[in-house]
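Read through the structure below, which is laid out as structure tokens, and then see the notes.
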């Protein structure tokens, strides 16, 4: 046990809190620094409970935190049984006898409500949540706590923070959010024995194989003889690409591929309001928009501009407004919601026949043949939307990111400066706007799926951002904005398997008329007018434009939920790629070359008017981010197959650049495999077209392995 952490804890915490913290660290094998965190949390829970009585004179609160896990689980189950409550799948800190509800206490040093949002995403409204911060902020999902409780807790947290800062331990006791506790592992005899047994023949031990691999040096003649020996055993002849050149990929012909992403992007229109930290839940945001923005006045016209089932969509929109007005966010089952939600419409594969009926023929048991999707041509709208995603939006700060941990050396200072620079470029893009929309909206859908699988729920399609003006003026706290893009209805969602699907019906706002080729899957209504702010010289004027309501029925799966709710990974991957390049240049020169590398190092990003376009890394970041995000939203079996096969052509291109010989068994078969993946995925068709352009450019520069049709 570290004396440093224990002594500091004993200096300002109650002895009982220190004892509980030490036992918890020993029980769960946590790092010693957790003594202080656990002790503070336990003492706050005690302050929340102490000296408060119910109307009958008994203790109002039951403290669950601080007990052994087995005892705590038994106590919680006993309370659920005594008060006729559903058992919870997680342990809470406190039980309120008067309210008959469990309470979860959280403590954070973050200045925003991200910790509260993460807790609320896991727990929902199944219990009360109170998150106290060291700077006096309180986030909660219900009324309370009492004023006396708040004052006692905030006073204690301020005292604890001051004491820890004097000891230079305030940052030390907190690990960064993305860093796990380090657990030292030792290799036991059983592990070493299993490791030696798993090595391939002819090796006997792991150390023998490791020694061979470290000393191995390739012999070209020996490798060539092995290749010729393998060739004699394989029926397919090896073909060198100098004589058997790659042709261009044949793109499918037919109607243009439609828009398939779950939410509108370029055409989406948003209503904005100043964010209220006290009302940050999805349902509260939606109620505030309808109350303050008078969105209940949006009424779709009887006749749609395009699409099917207009009566069902209109009636469901009226039910949505009623659910928001009565604040339940629940839509009762009826013909319209069941039809659009697909409830009771699952087709039976084989008809059920009772024993009393006649035996049916073999023909009657045959299932109908699966219809393959219709091949679609490359969509012209895709390039325009790609360029739109690269450009800046009116707001910034769309993607919630973790705080930067304190830097320990000079290289980490470079990395922190670089990441802040890149984040400043990327956070204001339209692509970041769509990422933020996916993270919050799909995160809210996941919570509703988990907590209310049998109900039809209303969820906002929304995001959070910050004003550019506030950021540029250097104000201490930029104005946070809530942005509403539309409303989503979640149908029943009993997701028992990872590939389980559930239906969503989206109603999205737009000020653009629909493109019949792009928006084939949408039913579009005129729904009134809205005011758009436009710049005219130095002044800003308002112009009234038509408002359209884009309606669509689609589906999400558990896997797709996970992909879209964690879209910020695209952000991290993009920044990591550029960070590696910049830090490598700085390490080579042994000086800070971050800004120089960002501004001077070029990257090819595409083609315009027959010429390749290169941009500095600082701007090429945008293209990298859009590509990563589009992989996330358009990912399917077509895209996976295409990316897997196109790598072989890119490897041949790299070999050509290095003047090396390349060969394979069936170059024409490789191209046919790629073409099998080109059906109707817009991203696949876009990448195939880019690959053809790359082949043309390589051939112009003297590539030997490619031919132009």
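Numbering starts at 1 and runs along the chain as displayed.
The backbone N, Cα and C atoms fix where each Cβ goes, glycine too.
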Need a hand: Swiss-Prot gives 41, 104, 105 for Mn(2+) 1, which of 50, 93, 96, 113 is also on that list?
93
Annotated motif 'Nuclear localization signal 1 (NLS1)' segment (source Swiss-Prot; candidates 77-92, 109-124, 125-140, 141-156):
109-124
Average the per-residue pLDDT over the motif 'Nuclear localization signal 1 (NLS1)' (109-124) and send me the rounded value.
81
Within 10 Å of the Cβ of residue 41 (Mn(2+) 1 binding site), how many other Cβ atoms can you find? Include all protein chains, please.
22
Within 10 Å of the Cβ of residue 65 (Mn(2+) 2 binding site), how many other Cβ atoms are there?
22
How far is it from residue 105 (Mn(2+) 1 binding site) to residue 65 (Mn(2+) 2 binding site), counting Cα to Cα, in Å?
10
Conformational class of residue 104 (Mn(2+) 1 binding site) under the three-state DSSP mapping:
strand
Cα-Cα separation of residue 65 (Mn(2+) 2 binding site) and residue 93 (Mn(2+) 1 binding site), in Å?
5
Tally of helix, strand and coil residues over the motif 'Nuclear localization signal 1 (NLS1)' (109-124) according to DSSP?
10 helix, 0 strand, 6 coil
Give me the sequence-ordered set of same-chain residues, not including 41, 93, 104, 105, with a C-beta within 8 angstroms of the centroid of the Mn(2+) 1 site's C-beta atoms.
44, 45, 65, 92, 94, 103, 106, 107, 130
